[in-house]
Amino acid sequence: MVPVTPTFPVLKLPLLARENVIRRMTCLDRMSFSLCSKRSKRFLKSLRISIQEVQIQISNAITLSIPKMDEEEYKFTFDNPAECLESSFTVTGSMLHVWEDEDGDWHEGENEKSTFNIPNFSVREWVAHILDIIDSPSLSLEFHEDCDLFSVRDINQLIGNLERAELTIYEQSTPNEYLLEVLETFRPTKYLCLSENPFPNALTFRKYLRHSIDAVILRKNLKININEIYSMNCISASIHNPQISTSTLNTMLKVWTEGWTPRMKLISLHYSLRRLGENYMEEILDGLEYLKIEEERTLKEPLSDASRTFEKSYDIVRKDGQRATVYPRIYSDGDGMGMEVYITDE
Amino acid sequence: MSVENAPVVDVDEAAIPVEKKMYYRFESNDKKEFRVSELAIQQSETLNRLVEAMGYTSEDVENKPAIAIENIDGKTLKLVFQWCEHHKGEAIPVDDGSVPKIVEIPEFDAKLMDIDNGLLFKLIWAADYLNIVQLLNVSCKKVANMAQGKTPAQLRRVYLLPSDEEDEAAKRAAQEAQDPRAREVEEEFEERKRQGGNSFF
């Protein structure tokens, strides 16, 4: 048996090798390394290990989710964060490896968890430390049930000056005033997903939708009528509960052919086939000049590199020659249907 | 040391096409000599460029002195060439550096690196100097594995990382060590100015 020297002077390695060692560490060990000293933190930061996105989830706890780290996902949680936002006493943070299996169930790696207890590190210091050592262009904020345990002001201070480009508000019983404050404080530019409608009236809701946001998802709890859709200033919209009949949708398409919303590239309206009746496509396309495309084709999705395949679709053309593809996508449950309108340059 | 007595690295001759069977001779800084196949050398960007630039023929290899590698000792170089011979012909990985790639240590490499940390340290320096990408990856992975499950305090001990206080103390000591000379330069400059010189140089 070869005697093993218990120490290894990693900082005396040549620069490339030193970087290589840190890059080969697991996410948990890199976190430990970053906490060794200011110098080790600076070194890790200089590697600019890039992460697509960091998610901060606010519920009765604060969790930092770091997807695609080492091609896996890690979650960082704090003990007693509510108390720690108020003061600066030491808070214990735990980092855990989580993954999703083929059936969509999430698992936690019990042996892949590290707990850190650093003197004088409050939640604020932790969040600042983590956001400091990873190179992420985008921050996504998620608000879940019990998020009002934390004041919006405290959360805002926690995040600092980072661009808050993505915002999701999940289904919850939080007071509307709180959610409105969230929407105003963390006004997103890239992505908004709403499962609640905290707006006091339709006018304020429409006013909010007029802001330029790349992608908007409005879930089932939000009943969306045609006026709200006409207010939207986004590239991609997904409406889960449209209060729009097939004849109104027909009008919307006619308005589009006249030049409405040149920015929008995709709108998806979710319907129940039972409610639509049999001749829904005839009603939707009534009075429009269209071309029925029988063969399968693939179109690129806006705001991503993904493509979608269409089996039977209908092409309509705007006054300026811009083409739109109307595609009734039947979901696997047999009843759900997404009426998708793709505006493509292809 | 003569070529006949040199520690020859095991070579799987069957794996090398006859027409490309070419060997080079290298000498470590402690005068140990090695014969290494041309295909194995391709794992090292540094050596590959060197032999290409030299344009040796088979006769040259036998008649001219072995190529000296002056900053690597024989023990380390033997490991390096054993690794290169085992992995000859394999593609050299490309890492864009942004997202860390997962590196697995193959069984052969694990056995080869079952060495004390002092020699592992030298092996990494050699892999870096000779630019052998995959050897650098696996040897660094072995060092990275030493961090597994360690707290920051434990990690400081394993990797000999100075604490903030130690870094500060070292910085102060370096400044103090530099100051006397800086003062001397300043005094010399002032003296020359007094003597009427326009330029320090």
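Residue positions begin at 1 at the first shown residue.
Cβ atoms here come from the backbone N, Cα and C positions, even for glycine.
Just so it is clear, the model here is predicted, and its values are computed rather than measured.
What TrEMBL says about this one:
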- B:169-194: compositional bias 'Basic and acidic residues' (COMPBIAS)
- B:26-88: domain 'SKP1 component POZ' (DOMAIN)
- B:134-178: domain 'SKP1 component dimerisation' (DOMAIN)
- B:166-201: region 'Disordered' (REGION)
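Beyond the domain 'SKP1 component dimerisation' (B:134-178), the same-chain residues lying 6 or more positions past its ends with a Cβ under 8 Å from any Cβ of the stretch are 43, 80, 83-84, 87, 90, 92-93, 95, 103-106, 109, 113, 120, 123-124, 127-128.
Note: the domain 'SKP1 component dimerisation' (B:134-178) comprises 34 helix, 0 strand, 11 coil (DSSP; helix = H, G, I, strand = E, B).
In terms of DSSP secondary structure, the domain 'SKP1 component POZ' (B:26-88) contains 33 helix, 9 strand, 21 coil.
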